[in-house]
Amino acid sequence: MSPQTETKASVGFQAGVKDYKLTYYTPEYETKDTDILAAFRVTPQPGVPPEEAGAAVAAESSTGTWTTVWTDGLTSLDRYKGRCYHIEPVAGEDNQWICYVAYPLDLFEEGSVTNMFTSIVGNVFGFKALRALRLEDLRIPVAYSKTFQGPPHGIQVERDKLNKYGRPLLGCTIKPKLGLSAKNYGRACYECLRGGLDFTKDDENVNSQPFMRWRDRFVFCAEALYKAQAETGEIKGHYLNATAGTCEEMIKRAVFARELGVPIVMHDYITGGFTANTSLAHYCRDNGLLLHIHRAMHAVIDRQKNHGMHFRVLAKALRMSGGDHIHSGTVVGKLEGEREMTLGFVDLLRDDFIEKDRARGIFFTQDWASMPGVIPVASGGIHVWHMPALTEIFGDDSVLQFGGGTLGHPWGNAPGAAANRVALEACVQARNEGRDLAREGNEIIRAACKWSPELAAACEVWKAIKFEFEPVDTIDN
């Protein structure tokens, strides 16, 4: 009898409740290349052994429920069940374990991050037998990742579209984020772009509010970037936020952006949802638009160390769903992000093949095959003094985005943009000459100030600004 038709008629149905570990804890299991693998940080309730807790996670996120049901006999649990195949204690914690779970590929709809997350990070996170549960990492098999389009274009295609090579790209979020009229907003974009930036950006919560409707903003921003392009001879872009209350409205905004001829649109992928994001990514590939992704709401999910989901999982999900840029933290700015951990998921966004490296929080070797990469965006509380560190940490394939660090310049937006561009060019030149940006960064910036009054003014304003707080989410030691 085949596994799909196998039943338990020969032994009969036995009603009742039995321990999850009897069915779902299988330490002898050898994982398959086609399995989706998950690493969960599990904190059981007092008295619940780790084997039972890990098995409960495997069961409740796959085929199991709280009691035996007679319809179990109509399928093959051995074919479809999730399996907790390994458990290890968390260093420095008395009642916390990393439980590894393998899921058969057939549990998931092809090309659907929504379906994958509905199972793996669904109701199991409210399970009473667990005090806390966090998804630390996923291994996406090539057999599954190949069912996704992924980023609309990827890093190399974006470089070619923009004709910009050999350095990080520079951006700026327009501030104040809310309250400007469309014409004043467009003017701010123009000044930043003509001053030397590659991109300006809608803030994540700029959609279509009474003070600035989306269509007006799109028109004035398009005018700004075309004027800046004509003056500078460089291709410019503004991330037009297409996020909307419905998918239909979102696509309508993206269509209008394409009709204006702009190079890039934007989406808030967590608040907007993975289904909407994947739809927009498909539209962007079909119509030649780059897609910038903001991660608003991520910290609600990923900041606490014991419960939720690590951002590296959200980053992998975004690469599958589709986006050409995504905000990734700065390491040195105002937002959460430990250096090694941040670089770990930056590699997961950009590289084709990433080896397991627990020191950087990477639990599994990940092979993306031919899926395009995503450019990480460093944004949040950064200014010209951070430029050497950002250039050294993120490398060329990144966007360094200075909002207040551009618009807060004492002489205005265009001088603020010029200061950032001069600082970046100085750091790239110094790096290419073999200088150590980590050690000589301040010296490099001071030297550049001698021939850039805009940079000198920026350095004076932000010379004492630091954000020195310990990150909440750190690597286990």
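Keep in mind that glycine also has a Cβ here, set from the backbone N, Cα and C atoms.
Among ARG213, ARG215, ARG217, ARG295, only ARG295 appears in Swiss-Prot as part of the substrate site alongside ASN123, THR173, LYS177, HIS327, SER379. Across the annotated binding residues for substrate (ASN123, THR173, LYS177, ARG295, HIS327, SER379), the two most widely spaced Cα atoms sit 37 Å apart. A Cα-Cα distance of 8 Å separates ARG295 (substrate binding site) from GLU204 (Mg(2+) binding site).
Taking CA atoms as the reference points, ASN123 (substrate binding site) and HIS294 (active site, proton acceptor) are 26 Å apart. Note on proximity: among LYS201, ASP203, GLU204, HIS294, the recorded positions of the record, the Cα nearest LYS177 (substrate binding site) is that of ASP203.
Of all the binding-site residues listed (LYS201, ARG295, HIS327), LYS201 sits in the most crowded Cβ setting, with the most other Cβ atoms within 10 Å.
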